[in-house]
């Protein structure tokens with residue numbers, strides 16, 4: 001399995017078909033996965049009223065690693081991993097926030113996004129039961145873990161406090 005690391009400038013990818021109706025997913029901070037999904041990694045397709053544009057990464061540093069463990073062990077800085085799914089509303093709301101956080105902390109952390117549908121074995125290994133789930137790794141080891149969407153300033157504060165970084 002090849003894992004790509006991309007940092008900074010992740011384009012928004014959630015596009016509601018109708019902008020008139022308020023989406024209930026916009027008020028959620030995380031999505032709980034049914035046990036069938038956690039166990040088998042299969043997911044029902046989203047409703048026809050929601051469309052998702054593909055994630056695109058612009059102006060990013062891209063590296064390829066043989067495995068996720070290789071990525072964690074060989075990173076020269078802590079790695080914030082965003083476990084997400086394309087159908088998850090709160091995950092899509094985090095895209096511009098992660099872009100901002102990645103830019104703000106570009107000298108301190110690397111940001112990696114892992115699609116739980118494409119890599120269910122990683123989701124199972126790290127017991128991902130809600131989306132989005134963020135795991136901060138330092139020196140290849142799990143350092144901090146939290147679930148749910150956060151505003152950029154709270155996410156930066158959480159990361160800095162966890163790493164004990166003062167700007």
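Each residue, glycine too, has its Cβ placed from N, Cα and C.
What Swiss-Prot says about this protein:
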type     : residues : note
DOMAIN   : 59-164   : domain 'Thioredoxin'
ACT_SITE : 88       : active site, nucleophile
DISULFID : 88-91    : disulfide bond
SITE     : 89       : site 'Contributes to redox potential value'
SITE     : 90       : site 'Contributes to redox potential value'
ACT_SITE : 91       : active site, nucleophile
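In the predicted model, residues of the domain 'Thioredoxin' (59-164) average a pLDDT of 93. According to DSSP, the secondary structure content of the domain 'Thioredoxin' (59-164) in residues is 41 helix, 32 strand, 33 coil. Residue 89 (site 'Contributes to redox potential value') is surrounded by 21 other CB atoms, counting those within 10 A of its CB over all protein chains shown.
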